[in-house]
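Quick notes on the structure that follows.
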Protein chains: 2
Amino acid sequence: MLIKNVSILQSGHLVLGQDIRIKEGKIEQIGPELQKERGDEEIKGKGKLAIPGLVNCHTHLAMSLLRGYADDMELMPWLEEKIWPLEARLTEEDVYWGVKLGCLELIRFGITCYNDMYYFPDVTAQATKEMGLRGFISGVVFDMKPELLSQVEPFIKRWKDDELIRPAVGPHAAYTCSEETLLRAGEIADRHQAMVHMHISETWKEVDGFLLSRGKSPVEYLDSLGLLNSRLTAIHCVWLSEEDCYLLEKRKANVVSCTASNLKLASGIAPLNTLMKAGVNVCLGTDSACSNNNLSLFEDMKVTAIVQKNAYHTPAAFTAEQIWQFATENAYRAFGLNNGMSVGANADLALIDLKKPWFYPQSNIVSHLVYSMAGGVDTTIVNGRVLMQNGIIPGEEEILEKAQQRFIRLTSED
Amino acid sequence: MLIKNVSILQSGHLVLGQDIRIKEGKIEQIGPELQKERGDEEIKGKGKLAIPGLVNCHTHLAMSLLRGYADDMELMPWLEEKIWPLEARLTEEDVYWGVKLGCLELIRFGITCYNDMYYFPDVTAQATKEMGLRGFISGVVFDMKPELLSQVEPFIKRWKDDELIRPAVGPHAAYTCSEETLLRAGEIADRHQAMVHMHISETWKEVDGFLLSRGKSPVEYLDSLGLLNSRLTAIHCVWLSEEDCYLLEKRKANVVSCTASNLKLASGIAPLNTLMKAGVNVCLGTDSACSNNNLSLFEDMKVTAIVQKNAYHTPAAFTAEQIWQFATENAYRAFGLNNGMSVGANADLALIDLKKPWFYPQSNIVSHLVYSMAGGVDTTIVNGRVLMQNGIIPGEEEILEKAQQRFIRLTSED
């Protein structure tokens, strides 16, 4: 495949007139006027920017099916009266179409890889694979449903050799899993060198609970169990002490901030400046469509930037370049992905149509991607396969209809 | 003109299969299966939602030309080293193309009317009129350029009978205008029953300055000059006391919150719950593309909702319906616009393609418009004239090119 005459970013500057050759899922060559080879599919890149795909580092994709079902409620009534009863009725088929609905969004937002935690991980993995996205998929584990833990290792074994799917372990949180469960989850992850996906210190109530009952923050407690390491994606991390930040750095854990979700649930604002000062690898996630309510990392980049500037009382905090790294390079590092706009990297790319008023004047493209982007992704490629071209995703309409049907079935007993 | 088979919102619910007849700039009829009349242009509405146009209640549209030129800087170096030197070089032609660039965005975001404050208001009015949008245009007034004040009344007289343009008075702020200037600006506005557009209490420094020097908050000070009334759009209002909120309500002034801009400049978070409790008419504005950096009210609706929820420590604060009112009904009230989805109202509408993953499942459309909307406005109509149809705005490409040329000229002396 040959992408012709596209623009790319080099040290934040726009370089026009580049061709990108893709072969066997990798970027084989980048440069001006590459010769078309026999059988090369050609993609017109004129007027477009090619970016390496974004990574959404935290979501529960199947919950796209619950988008807009219940907003603007206090956390416990929301969970107890709305979300949990519906989740109890979720079937594999609901999850399948919910994940596909979520994948449509990811593809439309130029996201080529995501980190998921939910029930029915086999179904999530299967639907993701069919949609062609790269996914780190973990089955959620917590004590209320003890069978979940025993399902983790077989799931990992079924998927560990897949090209696109990386199976992972998803202990829900330190307050929903016993010490025994956490240790077992950690052992399984270690045995398979799998990623661990876990909510940590999302609310002050959670942190206060640990400080009172154990004399330790959740981060310190998890460290005492040996769970902090470079294969951990620590989600939320809103209520961290400075010591927590330095401990996370020492153990090389990755922190995933979900700013929009944290704000919508009124959970607070993560101390990203302190984390960065400590040297922690900070990434971004959208959380589910149930608490955000979309899966756009462009939106989360902007919200994160402006909310953090205000929280640290200066517009100079958090440059567009730093925020862009959160959604790209930092995420690649967290997941060990060989992504980027370079020869040999995974051909996980998005093309953005720059002929939109929010990209004009074409002064500082990284600023535009972070602060003014309001649409324009028209092509998404993962592992060298085109998932969307000129804004068209084959099969989209069927997925929208099926999702609607599944939602009606789910809520018909309300 | 007849919009066929479109969906509309009634009390927050989707009503399918409606036709909307538009005649002489007004909505003449709404109902199922209206008969096409001779000469009626037909617009296909199937699968789309018709909404009354949004109103962007604060911007400086010409500054779209400076988008991305300088971000992530402290306020004073940003203004002194970057913005002001560039503004000093701005010509009428720059403003003309900057406004047109901004209009493209407004049209693409379903905004049919906006409230502007800047230099060269005649040029802004002319460009807005040519683009077909409704605009409340004020020439900015401050003491450093005394000639600005004397230009206000002639400007109002030139435009007061225009169908789309409402000329207004734009004293910049209480800290940049003397008492004399403010009184004169107020007199001109009273004489012509014109709106007054003014930045108020944007930063704590501004408010502290007034409290120290005058023993009054800016709101109390402006009230003592008789400037608070129902024709005032009080922009920002980040640092208000509870007394300020009740005073603004007593005088029936309109408050315009610019959440994204306030966060990006690290100015703070406006006390919208207190304002609403006091009964103040709260509206939304994006501010300019220089501090936001786009003009999407959809984005500002979401950012406002989630940031305010977090500020007031509960996800139950600020429902999607309330936020939707800020951008529509409250703004119509502020500007005395007869807008809305009703017979006799201005035909200022946008059509949104609902076949997007972020609108599925179609559970709660108002929630989706506020929380998950990520594109889909494909038709915008103002005063019965189609400004964009199926995503196409005639002349867009020329405007993008001209804006790029003006920006290159402006910055070539850097």
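Placement of Cβ uses the backbone N, Cα and C atoms for every residue, glycine included.
TrEMBL annotations: computationally assigned, not manually curated.
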*asked:* Looking at the Zn(2+) binding annotation from TrEMBL, with A:His58, A:His60, A:Asp287 already listed, which candidate in A:His199, A:His368 is the matching residue?
replied: A:His199
_With the cut-off set at 10 Å between Cβ atoms, which of these binding-site residues ends up with the most neighbours? Options: A:Glu87, A:Glu202._
A:Glu202
*At the Cα level, what's the spacing in Å between A:His172 (substrate binding site) and A:Asp287 (Zn(2+) binding site), rounded?*
13
*Where does A:His58 (Zn(2+) binding site) sit in the DSSP three-state scheme?*
strand
_Run a quick check on A:His58, A:Glu87, A:His172, A:His199: which of these binding-site residues have any Cβ-Cβ distance to chain B under 8 Å?_
none
*Can you list, in sequence order, the residues of the same chain other than A:His58, A:His60, A:His199, A:Asp287 whose CB lies within 8 Å of the CB centroid of the Zn(2+) site?*
A:Thr59, A:Met117, A:Ile235, A:His236, A:Cys258, A:Ser261, A:Gly285, A:Ser288
*Which same-chain residues, if any, lie at least 6 apart from A:His58 (Zn(2+) binding site) yet have Cβ under 8 Å of it*: A:Asn115, A:Met117, A:His197, A:Thr233, A:Ile235, A:Val256, A:Cys258, A:Gly285, A:Thr286, A:Asp287
*asked:* Which secondary structure state does DSSP assign to A:Glu87 (substrate binding site), in the simple three-class scheme?
replied: helix
_All-chain count of other Cβ atoms within 10 Å of A:Asp287 (Zn(2+) binding site)_ = 27
*Count the other Cβ atoms sitting within 10 Å of the Cβ of A:His172 (substrate binding site), across every protein chain shown.*
20
*Integer average pLDDT (0 to 100) for the domain 'Amidohydrolase-related' (A:50-386)*: 97
